[in-house]
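Scroll down for the structure; my scribbles are underneath it.
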């Protein structure tokens, strides 16, 4: 498997898990979504918001790649978070709608625009404090997906503590099984 195929698989997994997580969270009343439970971003809603903020920050950085990806140009219409703890959404459904749109953009970008050679290049970007860095693009994309996985794990634990099962979260079920595809 090449790197591009791996990221395509990660994007599909990412989309599936985000949908499962939001569907599970939708069963809670707003007060429970907003309740401070001592998580990094206080509440389930704060954590969901943080993942969207992180995605917007990283996707806007990826949009500055030398290849000028057109599918990421759509991000111009989205809010521009200034920090990782900025609260962009107070409304669960508004956050979910943006989450769905971002997952669509991510999949479109990985399916139609990225070339294998793009992964070998460095991306020069500035963090939210204005500090410049130059890092391997593929490694940054690994970080992008890992960040989401990390916080989704926290949210799934918070939901489980409320008696809500998110369902199967394993990446394994997204990996094609050669014995089952014959």
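Placed from the backbone N, Cα and C atoms, the Cβ positions cover glycine too.
Model, not experiment: these values are computed from the prediction.
Record features, source TrEMBL:
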type: BINDING; residues: 50, 147, 151; note: divalent metal cation binding site
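Local packing around the binding-site residues 50, 147 was summarised as the count of other Cβ atoms within 10 Å of each Cβ; on this measure the leading residue is 50. Residue 50 (divalent metal cation binding site) falls within a helical segment according to DSSP. DSSP assigns residue 151 (divalent metal cation binding site) to a helix in the three-state reduction. Taking a C-beta cut-off of under 8 Å and a sequence gap of six or more, residue 151 (divalent metal cation binding site) has these contacts in its own chain: 40, 41, 47, 50, 51, 54.
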